[in-house]
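S.K.: Quick one: this structure, given as structure tokens, is what I'll be asking you about.
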Amino acid sequence: MKKIIYLDNAATTKTAPEVVDAMLPYFTEFYGNASTIYDLGNHSKNAMNEARDIIADALGARGEEIYFTAGGSESDNWALKATAEAYKSKGNHIITSKIEHHAILHTCEWLEKQGFEVTYVDVDENGVIKLNELKKAIRPTTILISVMFANNEIGTIQPIKEIGEIAKEHGILFHTDAVQAFGQVPINVDECHIDMLSASGHKLNGPKGIGFLYIRKGVKIRSFVHGGAQERKRRAGTENIPGIVGLGVATKRAIASMQERTAKEIELRDYLIDRVLKEIPYTRLNGHRTNRLPNNANFSFQFIEGESMLIMLDMDGICGSSGSACTSGSLDPSHVLLAIGLPHEIAHGSLRLTLSEEITKEDIDFVIEKLKSIIERLRSMSPLYEDFVRKSKGGEK
Ligand SMILES: *Cc1c(COP(=O)(O)O)cnc(C)c1O
């Protein structure tokens, strides 16, 4: 297989070899059900609780506040649906942002059909939530604010502490989808007044199909999966011990390497951004220039169709994304890019490149050279571009 330069780490990441190694014995050797009383089962239970403690430590939380789920989407669904149900006697209003992941947005749409009211707060041109609008949206019936920690498409990091303070001041629960942020930026649930937090293994070099929901002690939240007594009777089902062990090791690894890894990623990210903006005309960066995920770059190229660009990059072994994996395949431009004010035709020409610790400067140089020639070729085939060039030349006379 030809060399692949994988720049789609916001979609998923490679499972780290040490994570796989740690998981393997839990398939074939320590396969006991954690709910049993014999030693084999205890072994599973201990491994699970160790992972729980590692994750809790990473957030400044307690082990008993971590509930394992099947990933980010489930955690988001749980946080929203179960809060809505548990607090509906207090009110029926939920506040979120326009740039959430579909796991939040589509859950909110479903809740609206059940009679809840949802306010989708605007973001500014950098993708930062408008705090004054958030405050204005609060009603006596507001039960929950859910705002993502960092955006999966444009990388913008939200003022989570400020949002947490606003929520706390008004006695409203605060949930954050931290699937992109967990393991990439430091998070402390107490400092940020976070009541619930979603994360997912496969976004931090852990396995797919495992995640967790942090639920602050004292938050009334209903069981999401009914059945056995697992996860303090709140999420039934025999625990995914290999996945949980993998998530624990991935978390430990991400936290231990965070400073060094992200410093290197930020340097490469900024190098990529600077060169692309300088060397490719009619290009813009999407998302906040500095207050963004260490590994995220997102560009819009005028007169370019995102899908064609992705296909051509793929022919050179470069994996990128034109929005979020979930929206590829549909012709609608990304809701995030529209929310930051991009017109449809510019949003269509977008490219997200998300780095990992394995990416080198040579990789980035290679990508930039390929990108330059791809964009030149695509533009040379674009009647819109031709027209634009002709008009601007005419204007110079
Ligand atoms: C990937 C992602 C999710 C979904 O997580 P899964 O584990 O794939 O279900 C939710 N929110 C954000 C911000 C994401 O990036």
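Any Cβ shown, glycine's included, is placed from N, Cα and C.
These came from TrEMBL, pasted as-is:
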- Cys326: active site, cysteine persulfide intermediate (ACT_SITE)
- Gly72, Ser73, Asn152, Gln180, Ser200, Gly201, His202, Thr238: pyridoxal 5'-phosphate binding site (BINDING)
- Cys326: [2Fe-2S] cluster binding site (BINDING)
- 5-365: domain 'Aminotransferase class V' (DOMAIN)
- Lys203: N6-(pyridoxal phosphate)lysine (MOD_RES)
S.K.: CB neighbours of His202 (pyridoxal 5'-phosphate binding site) within 10 A?
M.R.: 23
S.K.: Give the mean pLDDT for the domain 'Aminotransferase class V' (5-365) on the 0 to 100 scale.
M.R.: 96
S.K.: Excluding near sequence neighbours, so keeping only residues 6 or more apart in the same chain, what lies with its CB under 8 A of Gly72 (pyridoxal 5'-phosphate binding site)?
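M.R.: The list for Gly72 (pyridoxal 5'-phosphate binding site) reads His101, Ala103, Asp177, Val179, Ser198, Ala199, Ser200, Lys203, Gly211, given in order along the sequence.
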S.K.: When DSSP is mapped onto helix/strand/coil, what comes out for Gly72 (pyridoxal 5'-phosphate binding site)?
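M.R.: The three-state answer is helix.
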S.K.: How big is the pyridoxal 5'-phosphate site in terms of the longest C-alpha to C-alpha distance among Gly72, Ser73, Asn152, Gln180, Ser200, Gly201, His202, Thr238, in angstrom?
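M.R.: So the maximum pairwise Cα distance among the pyridoxal 5'-phosphate binders is 30 Å.
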S.K.: So for Gly201 (pyridoxal 5'-phosphate binding site), how many other CB atoms are inside 10 Å of its CB?
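M.R.: For Gly201 (pyridoxal 5'-phosphate binding site), the count of other Cβ atoms within 10 Å is 33.
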S.K.: With DSSP assignments reduced to helix, strand and coil, which class does Gln180 (pyridoxal 5'-phosphate binding site) get?
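M.R.: Assignment for Gln180 (pyridoxal 5'-phosphate binding site) reads coil.
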S.K.: Kindly assign Lys203 (N6-(pyridoxal phosphate)lysine) to one of the three DSSP-derived states: helix, strand or coil.
M.R.: helix
S.K.: Taking the Cβ of Gln180 (pyridoxal 5'-phosphate binding site) as centre, how many other Cβ atoms lie within 10 Å?
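M.R.: Excluding its own Cβ, Gln180 (pyridoxal 5'-phosphate binding site) sees 28 Cβ atoms within 10 Å.
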S.K.: To which of the binding-site residues Ser73, Asn152, Ser200 does the lowest count of other Cβ atoms within 10 Å belong?
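M.R.: Result for the binding-site residues Ser73, Asn152, Ser200: minimum number of other Cβ atoms within 10 Å at Ser73.
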